[in-house]
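Participant: In case it helps, Swiss-Prot gives these features for our protein:
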REGION    396-449  region 'Disordered'
TRANSMEM  26-46  transmembrane segment
TRANSMEM  96-116  transmembrane segment
TRANSMEM  136-156  transmembrane segment
TRANSMEM  177-197  transmembrane segment
TRANSMEM  211-231  transmembrane segment
TRANSMEM  259-279  transmembrane segment
TRANSMEM  298-318  transmembrane segment
TRANSMEM  330-350  transmembrane segment
TRANSMEM  365-385  transmembrane segment
């Protein structure tokens, strides 16, 4: 995709007409709701098998190949297996909350998809309707709030388990989502300023001919934040197997564990759909000559799904290539790098918006500033701990060892008066008073006649 300087123009405030979303018949609203629910379930089943096959290819393995054609029904087999597993509840668990927590984790993942536009207006059984369940004047804020509600299920699951490892995992998850939710919110601000609206349908319409991926810092900031938001590698610290066994879902089994698994992959699909809507034009075709006519009917739904799969592959690629960060590196990267860079980029965007007079002259400077800040973010991600800081720590440790006192200079307590007393040697098999301590041997085995 090529974005010229003249196409990236700050939009005037847009007030999209949202009155049509309440005019659909009830059966059509119900049909679209069921379709969104089925789409999320199918994408989850597909994502699980797709991830296993891609990671197997990266590791030069075969991957799942037993259930269904070439193993593509492996997710159904795993789901049936989990449903038939024994459902165990720890004795020290708070049972009502322990049972409710997986549901609280999965439901918000479905709610965020209510305002995602899948396509333009189409005809369904003679009724004209948009391929979107609902829209709001603050749809993006609604998605941000719905995505953050899932942390309550994680916290309650760790607290109600009555175990140390789940509690530590839930606390990590809460700190992680709070930290990266701020950076994710900052990545949205530039999109709001350019689109002039918080409505998802309005943002997609404003990207006709120009995608907001040109806002490089916002795009990079969101891509990093969405990985931290979903607890995926390299930010899967709440589920660190080497430290916390399984994290917040250590004590869960059977269908309750499947709910957590379902919530994780639905969250992946949700944040990928948000990225597609805000930065890749949603259901709009790529701004390439010759594709402008493929933006009506059911064809835009295909564009949306292809962009969604691109972000899902990005998640899988990170899992197969990057190691897990340390917890201190992860939190320092969020608070010391992502949030300051996000604030700096918002300041740059707001400055250009306020003092904008000649868009064609100022837009190249805006794109240049965005590229520089985006490169800073990528470099910081590749070196989260800071190589210079790490060398300083190692040098301080070497100085500390060099300055440590030797054994001769350590003041030792004086020996007891009269010198050390040594007990006389005692023959083996006897105690200090001379009695035998030999354990009698076992009797010989009976000989069968």
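Positions of Cβ are set from backbone N, Cα and C atoms, glycine also.
Looking at the shown structure, what environment does each listed feature sit in?
Facilitator: Within its own chain, the transmembrane segment (26-46) is flanked in space by residues 75-76, 79, 109-110, 113-114, 124-125, 127, 129, 131, 133, 262, 265-266, 269, 308, which lie at least six positions past its ends and keep a Cβ under 8 Å from the stretch.
Remote same-chain partners of the transmembrane segment (96-116), defined as residues 6 or more beyond its termini with a Cβ less than 8 Å from a stretch Cβ, comprise 36-37, 40, 89-90, 132-136, 139, 142-143, 146-150, 152-154, 156-157, 159-161, 200, 251-252, 256-257, 259-260, 262-263, 266-267, 269-270, 273-274, 277.
Residues 18, 97, 100-106, 108-109, 111-112, 115-116, 169-171, 173-174, 177-178, 181, 184-185, 188, 191-192, 197-201, 203, 229, 238, 248, 263, 267, 270-271, 274, 278 of the same chain sit 6 or more residues outside the transmembrane segment (136-156) yet have a Cβ under 8 Å from a Cβ within it.
Same-chain residues lying 6+ beyond the ends of the transmembrane segment (177-197) with a Cβ under 8 Å from its Cβ atoms: 8, 10-16, 137, 140, 144, 148, 151, 203, 206-207, 212, 215, 217-219, 221-222, 224-226, 228-229, 235, 278-279, 331, 334-335, 338-339, 342-343, 345-346, 349-350, 353.
Residues 40, 43-44, 47-48, 102-103, 105-106, 109-110, 112-113, 116-117, 140, 143, 147, 150, 153, 157, 188, 191, 200, 203-204, 211-213, 215, 218-219, 222-223, 226, 229-232, 248-249, 252, 304, 307-308, 311-312, 315 of the same chain lie 6+ residues outside the transmembrane segment (259-279) yet bring a C-beta within less than 8 angstroms of a C-beta in it.
Through the fold, the transmembrane segment (298-318) approaches residues 43, 47, 50-51, 54-55, 118-120, 122, 131, 223, 227, 230, 232-234, 268-269, 271-273, 275-276, 280, 282-286 of its own chain, all at least 6 residues removed from its boundaries and within a Cβ separation under 8 Å.
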